[in-house]
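Structure first, commentary second.
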Amino acid sequence: MMEILRGSPALSAFRINKLLARFQAANLQVHNIYAEYVHFADLNAPLNDSEQAQLTRLLQYGPALSSHTPAGKLLLVTPRPGTISPWSSKATDIAHNCGLQQVDRLERGVAYYIEASTLTAEQWRQVAAELHDRMMETVFSSLTDAEKLFIHHQPAPVSSVDLLGEGRQALIDANLRLGLALAEDEIDYLQEAFTKLGRNPNDIELYMFAQANSEHCRHKIFNADWIIDGKPQPKSLFKMIKNTFETTPDYVLSAYKDNAAVMEGSAVGRYFADHNTGRYDFHQEPAHILMKVETHNHPTAISPWPGAATGSGGEIRDEGATGRGAKPKAGLVGFSVSNLRIPGFEQPWEEDFGKPERIVTALDIMTEGPLGGAAFNNEFGRPALTGYFRTYEEKVNSHNGEELRGYHKPIMLAGGIGNIRADHVQKGEIVVGAKLIVLGGPAMNIGLGGGAASSMASGQSDADLDFASVQRDNPEMERRCQEVIDRCWQLGDANPILFIHDVGAGGLSNAMPELVSDGGRGGKFELRDILSDEPGMSPLEIWCNESQERYVLAVAADQLPLFDELCKRERAPYAVIGDATEEQHLSLHDNHFDNQPIDLPLDVLLGKTPKMTRDVQTLKAKGDALNRADITIADAVKRVLHLPTVAEKTFLVTIGDRTVTGMVARDQMVGPWQVPVADCAVTTASLDSYYGEAMSIGERAPVALLDFAASARLAVGEALTNIAATQIGDIKRIKLSANWMAAAGHPGEDAGLYDAVKAVGEELCPQLGLTIPVGKDSMSMKTRWQEGNEQREMTSPLSLVISAFARVEDVRHTLTPQLSTEDNALLLIDLGKGHNALGATALAQVYRQLGDKPADVRDVAQLKGFYDAMQALVAARKLLAWHDRSDGGLLVTLAEMAFAGHCGVQVDIAALGDDHLAALFNEELGGVIQVRAEDRDAVEALLAQYGLADCVHYLGQALAGDRFVITANDQTVFSESRTTLRVWWAETTWQMQRLRDNPQCADQEHEAKANDTDPGLNVKLSFDINEDIAAPYIATGARPKVAVLREQGVNSHVEMAAAFHRAGFDAIDVHMSDLLGGRIGLGNFHALVACGGFSYGDVLGAGEGWAKSILFNHRVRDEFETFFHRPQTLALGVCNGCQMMSNLRELIPGSELWPRFVRNHSDRFEARFSLVEVTQSPSLLLQGMVGSQMPIAVSHGEGRVEVRDDAHLAALESKGLVALRYVDNFGKVTETYPANPNGSPNGITAVTTENGRVTIMMPHPERVFRTVANSWHPENWGEDSPWMRIFRNARKQLG
């Protein structure tokens, strides 16, 4: 039976206004919209009155917006029938944890009530199209239609293909019907294989074969034989990549054979809890570094949010499934798309060439895609710390004559680093009889055919198949699975995981054969043991769907009880679906129909399928010299600063958590003005050391339109000039991931790909001592469509994205582009050696040209000399700032350095030649260093020692003030105020934020950037930062116990435990399942801390589901109430823990006036480094800190203080319960965005109880208790930041 429960309004006023504006723009006469959430409960039994009241209260959440009786035509938007939304999965979990077992499933829709003039049926269809994502949602016309969400179908049987009766044609028909993308020789192979077996193939077997052997999974082009211009080539593409490892195997522990590559890391203290006692401690051991970079281009073109989200999620699983289990740590994200054409902000180089109906626009991709990628990383608990963003779409004269080149099929890049134990780097042995397990969520009828679909050019496959290949994301589920993997690897030798793979393209049909085959075994499986939420699925759909957040594992039978215990504690679902067999054979039984959908020798599935041969021709690009007749430097500056590739990326950065883990030493945001210009990302290797890891990206795809090999060399060079900003040492410590995107089969591209791979794999990397142990290829970068009577194609440039990874010697020595105004000198290191080529530059692009000659690596020895010189200078602390030269050239390099330093620049470019335009806008490799004036001679001498004497040019200096002046022999070439340039550079991000977020907030942030008097972040302390007030208590040897409390989805518990540990506590890991199961009670603890993250993925309100699972469970409720009423206890709630505790007011004495914390005013997740002031309050944790102003990490989507009315706010203030407030850089309490990131009244961001024993706050002191983890800090801070005082206060209070 289905019950319908009304919810709160679903859209804020500005969202409704945006919708109305969209309708008006489309000539749809809609006058008013009201939207509210509607909940649908699928019940297996009636609820009694108290259960009904409980369910009603459970579904009351979010901001208190006024509901009213709706008027107008109803359009009900729900998830597509036959799918289960992530919201549903998590809300149902909460209901069950609150004891409501009669609820089989909760689902949520949005009821839109539309008041409009008379609209035609077609116009109503247009209105409905604006309100839902057709890939994931459907529109009903009545609330009762939602019953279709809960229809349970009978299981469908397997179907076979009559190969023996109909011959080869049966396979050809199945190939088209199922979208298998099989080549002719593969059809021949299958015909021969099944004829030999003497039986017809089942659809599931063909589908499994197609996925396992798709270009996406098998990389046929990279393993192919090559004939170019009639000459057979000696090596495959993959062999040339492997040449880099053969030449430089140094420091590589695993390459080419696992889900990620592994290199040597540093010996540090890895911090985690003991399995038996729950006590956190440091474990001194090597933390080896794993690295992986994936792409998820096809799904992102179809449905950007889930496409980008599952792209990030799949890459995170690759990291976790490395060796015998590993720990993902920090991520990177990248996007290449066609022109944005922002409405009202269209640029002169942006022409609309049309697009296929089934893919979305570049603007849609960059509005939704980055949010999806960021949301997954945020909710999983992985900081995203670097990335790139390129737009390109133009009609150009390239290798193949005049044609359209651009990114209608986008690049969505997702990558990152993690850590792994030395003894877990290699997979174990799968013993015969080992249990074969699927860890993670249930099978759902989604993502079917992703591997085969992404192997086709967009437009080749059927729209319904595109539709079927889109996946959905549930990062909180993946977090639970990762917690299980963490518990396993933390057991060391007792790790129950023998072998692990992630489930990606092709679902279990790819993952399980890969698992047993890689382990030298076969597998015997039972289909109906696979967890499934949709009983009507066919065997093919159960086995081959791409439901996300799943892993496949082999666990020895005697270790199963331990594995079961770990999964139950973390609430991570799993199923034993088979056993490993001696014989390398795959069998899948179906208990329901008592038949065998799969019965195949593994070598038929994964054996010697036909090898591809590429017989291709070379085409040379002629290019036309740049026409400079209408180009002035002043106009060029403004255009280039508006090009999204160059322009400010704040809209892509602040949506992503950059502080979770407490181990982020360098994020994108630089300096007191938090300008997103960092060259590389840096993390600490642990919470107790200064060793670390670095990541950078290099990418120069448009150059491939003129010179394939130069483009590839530049990508490597740029990654190197970016990562050189930190202290790495030997260049052989740097390892690269190469991600290759090409339109294979397009004239000239295949030979160009071969040239590019050869340039990097056979020449440049071996010469530099660089290794490429990991990478990926995407070979179908083309879209086709019909535009009127014309057939059109948009082909991407050959695109190599290089990600560089390295171990860092000392993270404190990392340079940024932030200029200093002390007596200084700016030096250009020009690795282009005066070539100053303008082909395929940002300058050329903004004038709709390509040019002829591009930049290139001019001298490999000098590039190596540059890196070595930088390392010597970084280690000697001789440099004040560094920024590489890339998109936009020297002018942009200097401008971004000035923005970061909030200062002026005075440089003279006479030494760079007479062609000032080329000097300022060429994109040759190199960069600008800033040195103290007194060190200039010594630095230049050192650079000369490394063979760079002819590359170094003194430019001028950074000065206090606002002028940005470029001269040549004292004649002004360009002069402008830095603030004006800063505003131009920011306009793209402003416009994107206005479109996507609350426009009022976007306007306030843009306005703040125009304020030249802004002093930036600053610190005012009322206490001695170096005093350890906990030292006398630590000296007693007593270590009070703090319960580090987490719920499923919480992700900030480890750094919280470390902060309390440093202050003299024994930090104990306590999961809510421990309390609910009665395994642990709070009676033994002196302190309790509820940690940050996304409990239940913030479903049913941030922290509210967690709170209600306490309030609605009598025993646990009593446990918390007793703790809060006990004298001599302390409690802290941070972020999600703050939101949760604010909902426990009825249990906490003196908290009656506490507010609720609801959706940010910007309507967006905000990750900021914000200035706060400690106010006078009873809080015991903030004693002695009153009046201090200091920056702190902020990462939340629901942090805005909500009070009932003005009287409530006045009472909260008059009782003195406000503990922290946001202040602006002038030290004034503020409600202005982004200084106040959530719009809380009076800047309130922390409150306490009347006795001061319980304090809750939205910002994260635990993420910045180490100075090195602060995005910016004064030079004189030592190991501990001022926020360490909170934890030491806690230790002092407990005596």
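Each Cβ is built from the backbone N, Cα and C atoms, and glycine gets one as well.
Marked as region 'Disordered' by Swiss-Prot: 305-327. Taken from Swiss-Prot, the feature ATP binding site applies to 307-318, 386-388, Ala678, Ser886. Residues or ranges marked as Mg(2+) binding site in Swiss-Prot (evidence: experimental evidence): Asp679, Glu718, Asn722, Asp884. What Swiss-Prot records for 1042-1295 is domain 'Glutamine amidotransferase type-1'. Here Swiss-Prot flags His1260, Glu1262 as active site.
All features noted in Swiss-Prot, drawn onto the structure.
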residue: Gly307; record: ATP binding site; DSSP (3 states): helix
residue: Gly313; record: ATP binding site; DSSP (3 states): helix
residue: Thr386; record: ATP binding site; DSSP (3 states): strand
residue: Ala678; record: ATP binding site; DSSP (3 states): coil
residue: Asn722; record: Mg(2+) binding site; DSSP (3 states): helix
residue: Asp884; record: Mg(2+) binding site; DSSP (3 states): strand
residue: Glu1262; record: active site; DSSP (3 states): helix
Of Gly307, Ile316, Thr386, Ala678, His1260, i.e. the recorded positions, those within 10 Å of Asn722 (Mg(2+) binding site) when Cα atoms are compared: Ala678
Gly307, Thr310, Glu718, Asp884 filtered to the binding-site residues whose C-alpha is within 10 Å of His1260 (active site): none
All-chain count of other Cβ atoms within 10 Å of Gly307 (ATP binding site): 28
Nearest-integer angstrom distance between the alpha carbons (Cα) of Thr386 (ATP binding site) and Glu1262 (active site): 22
Number of Cβ atoms other than its own within 10 Å, given for Glu718 (Mg(2+) binding site): 26
Other CB atoms, at most 10 A from the CB of Thr310 (ATP binding site): 33
Additional residues surrounding Mg(2+), by Cβ distance to the Asp679, Glu718, Asn722, Asp884 centre under 8 Å: Cys680, Ser696, Gly698, Ala719, Leu720, Thr721, Ile723, Ala724, Ala725, His883, Ser886, Gly927
Local Cβ density at Glu1262 (active site) - other Cβ atoms counted within 10 Å: 30
Around the Cβ of Asn722 (Mg(2+) binding site), the count of other Cβ atoms that are within 10 Å: 26
Pairwise Cα distance for Asp679 (Mg(2+) binding site)/Thr310 (ATP binding site) [Å, integer]: 26
Pairwise CA distance, Thr310 (ATP binding site) versus Glu1262 (active site), rounded so that it is a whole Å: 29
Rounded inter-Cα distance in Å - Glu718 (Mg(2+) binding site), Ile316 (ATP binding site): 25
Rounded Cα separation (Å) that holds between Gly313 (ATP binding site) and Glu1262 (active site): 26
